[in-house]
Amino acid sequence: MEIVRSQRKPSASHDVDVAPTLPIYRSAPALEVRLEDFELFAIDRLRVLKGISDGLSRGKKPDELEKLVTDLWKAHMRHPQTSEVVNKDIISHFVLRLVYCRTEELRKWFLSIETTLFRYRFRPESSDVQLSVLLMMLIRLAFEFQKALMAEFDLPYKAVSNAEYEGLKDKLSQVARSIGQSLPSGNYGSLSGISDRIFYKVPFEEVPELVASRRVYIQKGHAYVAMNQVVSLVVTQFRSHLSKALVLTNRKWTSIIREQEKDRLTPIVEALSTGYLGPDYSQPKEYAEISLKDINQVAKTSFPLCMRHLFEKLREDHHLKHGGRMQLGLFLKGVGLKLDDALAFWKAEFSRKVGAERFDKEYAYSIRHNYGKEGKRTDYTPYSCQKVISSTPGVGDHHGCPYRHFSEENLRAALGNMGVSNRALEDVIDKVRNRHYQLACTLTFEAVHASSCDAGINHPNQYFSESQKIMESKVNLLS
Amino acid sequence: MTKEEAENGRDDMLIDGCEPEQGQGNAVPDGFNVNYLKVYYVLGLHERHGCNLPIYYNGLLKSNLLVVLGFRDAYDKLKQRKSQQEWKEMLVLQAVKEKPAESMTCNASRFDLDAESFKYSSLHGLSLFDVLSVTTSIDSLYLDGKHPACDQSYFGRREFSFTLDNDIYLRFQSFNSASELENAVKEKCPFKIDIGPVYSVDPARRHAYAQAGDNVFTPMERELVFDIDITDYDDVRYCCSGACVCLDCWPLMTVAIKVLDTALRGDFGFNHILWVYSGRRGVHCWVCDTKARRLSNEQRAAIADYFRVYKGNENSNRKVSLMGPALHPFLARSYTDVLRKFFEEKLLISQMLFSNEERYEKILEMIPDESITAELRGKWQENRRSSIGNRDINVVRWEQLKHVLQSGKHKGLRRCVEEVVFSYTYPRLDMEVCAILLLSHPLLSLKGCVCVPIDPNHCEDFDPTTVPTLSKLLEEINMGGLRAEGDDEWDRTSLGKSVRYFRAAFLQPLLKSCKEEIEDSYSAKIEQSKNSQSW
C-alpha cells in the first residue's frame, strides 16, 4: 500500500466491481492513499471496533450484536463514492493492523474485535424458517458466496456423504434440537431441505467456538458442521490468518517501518492506539501511593463492587481462589500498592488460613509474578471491565462482575451494603436485566458518590481513580 | 528383640552390620518426612543404575551433599568405607531417626515426592529420568531414537522447573539428555518438579534467541491436562470436606473419570490418556496424543467449555442450567449411561441427600416453581414418620420429586430432574489448569502418598485409602531390596500392579504410536524426495 500526500489517484477498482463486498484482507492492496484518508479511514473503523467492544462487554446476544455491527458499519464506513467503499474497508483495516500490531495486548484486542466484526458481516440472514422463494435465492447466493470464500481460504472440506448422513441422522438432529433448531426430515425437493442436509466433516480443532458451545456433533475427533454453521469455520481461518499476520506486521514495523516513516506515519500510528483504547492502568500514576493502613478505608469508599466483594471475602475467609487473587491482585497493583506492601497484605490474610510458611512457598511467587518479578517477567496489566465480565467463575470463586454473575437477590444485598438507595437500586437492577453491566456499575458509582460519571465505567481502576478524584475534591472543599 | 531394644540398639546395629529382623528394624513410621525423599533419591538412583555404591557416595562426599542433607552420620561412616548393605540400612534408619515432628506438620503439604518416577526406571532400557514424566517418555523417544527422522532437539526444548528446599524456584531449566537431567536432580534434590511446554527454542537460552529476533521463544507443544479436585464437591458431599476423601465420596471422582474418559476417546478421538490419583485430593488427566499436545489455547478452552455444564459460582443459586428442548448427545449419553444410575443407586443413599430439611431444601432450591416446592416440602415435613416402610427415605423422596416434576402437569420443568442429577454428579473441572503453562509432574504425590495411575476401565475398583505411602514403599524396599537387584524390583512392592498397568496400557501404546508417526512422516518425506528426484 502506497501513501501519497496529495491528489487522489484513479482507483483501480472500477473493473473489479463484482468483487465480494466482504474482503478477507489476504494481502495489502497496491493502492495509493491520501494521508488524510489514511488517518480518517482508520478513525472511522476504530469507531466501529470500539462500538463492538462495548457491545461485547455488555454481554450482548448474537442477534443484538449482528444488528449493532450492521448499524455501526452503516454509520461510519460509508463513502460518498460507492466504488471507494471496499477500498475504505481494506485501507482502514491495514492501517489499524499497523496500529495494533505493536504489543501483545493491542494485538489481542484487535484480533478479537476484528474477528467479531468479520463474523457478523459474514452471517447470512438465514435463521428464519419462513422463507419466500426470493429469500431462498438470496440464501443460495449467500451460500455460493460462502463456498467461494471457503475456496479462497483453501479449506479442503467435503460434504458428508448421504450414507454417512443417514447413519448419523439421529445424533445430528439431537444436536439441532438441543440448540433450538430442527433438522427437516428430508423434503428432498426443497432448497432448504438440501442445504440443511449438507454437513461438513472437519477436525474439531477447526471449529473451537462450535465445540465450546456444544453446537456440533463430535465423533472420533471430527465435528459435523451444518451448512449454516460454516461461518464458524471461515471465522476460525480468518482469525488464525490475521493472528499470524499481526505478528509479521509487528516484525516489519519494528525493523523497518517505524524508522522509515518516523516523520510521516509513525506519529499517526502511535497516536491512534492510545486515543481510543484508554489507558491500561498498568502503571499507577495519579494516585501512585496507597499504603497498607489506608487500604480498608479506601476499599470502602473507592473500590468498585467487584473488588470490594473480593476484598471483603478475603478478609472473611482469609483465602481467595486463583481467579480472585488475579483480579484483586492486579487491581491493587494498578491502584498503587507496592510489591512489598502487596506481599504483606496477602500474607497477613492467607497466613491465618494456610500459615505464613505455606504462603511464602505457594502464593508469594504468583504475586511477584504479577509484578513482573518472576517467570516471563511481564508486567501484567489490571483486568478491564470487559475481561472481568467475560470471566467464568466456578464453585468457590468470588471473582467476576457482580452485576453479571450474582443472582439478583445477592446483588441487591451487596448494593444495599454499599449504601445504594432503594430508588437507585432499582435503576441498577434494571440495567442488569438488560445486561448493561457497565452502565449498572456507572449508576452505582453515581449513587454512591452522589456525583455524575459522564465517561461511564469501563475499567475497575478507572472507577477507583474517578472515585479518588471526587473524594479529594470533597476534602478540598472542607478544608 | 523388643521394640525398645531395637531402638536402643540402632547404632550398634549399624556398626555391627547385623541384619535387622523383619517387620521391626525395618519398620518405617508413617507420615511424611523430608528425609524419606532424600533417601529415596539416593537409593533409587543407585539401584536403578546398579552403579557401585561407594563410588556414587564418593561423589556425594565430595559435594558435601550428605552433610547438607543432614546425613552427618552417613558422612562419617562413608569415610570408613562401609559395605553397600550397611550404607543402605544406615540411610534408611537415619531418615527415620531424623524425622522431626514439626517439619512433618508444617512442611508436609508442600513436599511433592517424586517416588513414582523411580518405578519406571527399568523400562525398556530407557534410563530413569527419561520417564521422569509421561511426557519425557515421548521426548526420550526422539532423544534415544536412532531413527533418521528423530528430532534431536525435542527434549532439549522442554522446560522443567524445580522447587528446591528453602522455597527456591527454578524455572526454564532444560536438559539435552536424560543423564543431564538426572545429574541436575541428583545435585539439586528438588521437592517438586513441574513440567512445562516444549518451546520453539531451548528455554534455558531464550534470552539469546530473543536478541536474534527471528526465532521467537514461544511454546509449541504441551499436554492437555485436566484437574478434578474433590474439594470442589464440598457442597454435595456430607461425609468429608476439604482435602479429605472417603469411600463414600470418592465415587464422585470415579464418575468424573468415566464421563470424561468416554468423551475424550469417543468424541475427541484421543487415545493416549493417563488418569492418576493425585495422591491428595483428586485426579489428574493427561492427554498425550500428538494432536492434543499441539492444541492452541483457544482449542483447549473449547474442549473445557464442551465439558462444562456447571455454571454456578458462590453467589448464585442455580448451579446447572440445561437449556433447549433436547440434551446434546454427549450430555444425554453421560446422563443415561453414568450419572442417573450413579445418582439414584449410590449417591442418593450414601450421602443421604434427602435425610433432613437442610439437605432437601438445597435440592428444592433448584426448582423454579414455588407451588411444587411447597407441595413437596409439605409432604416431607409432616410425613416424617409415616408409612414408608422399610424403604430408604432418600429414595422415596427422590421418587416423589421425580413424580411431581415429570407428571407432565408442569411444562418446562422436566429438565429439572436432570439438572439436579447433573448438579450433584457431573464432573467439576478445574478450568484454570487448562491455560496454565506449567503442569505438575503427573506422578508426583503429596503427604507421602504415592501417585498411582487409575485404569479408567476399572476405576470403580480404585481405593484411594489404600494407596501405598512412601514410608511403606521404603519399608518394602528395605526388606526385599537387599536380596535381589533384579530389573523388576518394583514388582514385589505394593506398586507392582500400578507399574504394570502404566507400562502396558499407557506407555507402550504411546511409544508405539509416536514411533509410527515418526516413521510415517519420514517415509512420506522419502517418497517426496524420490518423486522430486525422478523429475
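Cβ coordinates come from backbone N, Cα and C, glycine included.
Annotated domain 'DNA primase large subunit C-terminal' per TrEMBL: A:297-464, in sequence order. Taken from TrEMBL, the feature [4Fe-4S] cluster binding site covers A:Cys306, A:Cys385, A:Cys401, A:Cys441.
The [4Fe-4S] cluster site is defined by A:Cys306, A:Cys385, A:Cys401, A:Cys441, and by the 8 Å test on Cβ atoms against their centroid, the other residues of the chain that qualify are A:Pro304, A:Leu305, A:Val388, A:Ile389, A:Pro402, A:Tyr403, A:Arg404, A:Tyr437, A:Gln438, A:Ile457, A:Pro460.
If you take every residue in the domain 'DNA primase large subunit C-terminal' (A:297-464) and average the pLDDT, you get 87. Cβ neighbour density within 10 Å is lowest for A:Cys385 among the binding-site residues A:Cys385, A:Cys401. In three-state terms derived from DSSP, A:Cys441 ([4Fe-4S] cluster binding site) belongs to a helical segment.
Cβ neighbour count for A:Cys306 ([4Fe-4S] cluster binding site): 30 (other Cβ atoms within 10 Å of its Cβ, all protein chains included). DSSP assigns A:Cys306 ([4Fe-4S] cluster binding site) to a helical segment in the three-state reduction.
When Cβ atoms from all protein chains are considered, those within 10 Å of A:Cys441 ([4Fe-4S] cluster binding site) total 28, not counting its own.
In three-state terms derived from DSSP, A:Cys385 ([4Fe-4S] cluster binding site) belongs to a helical segment.
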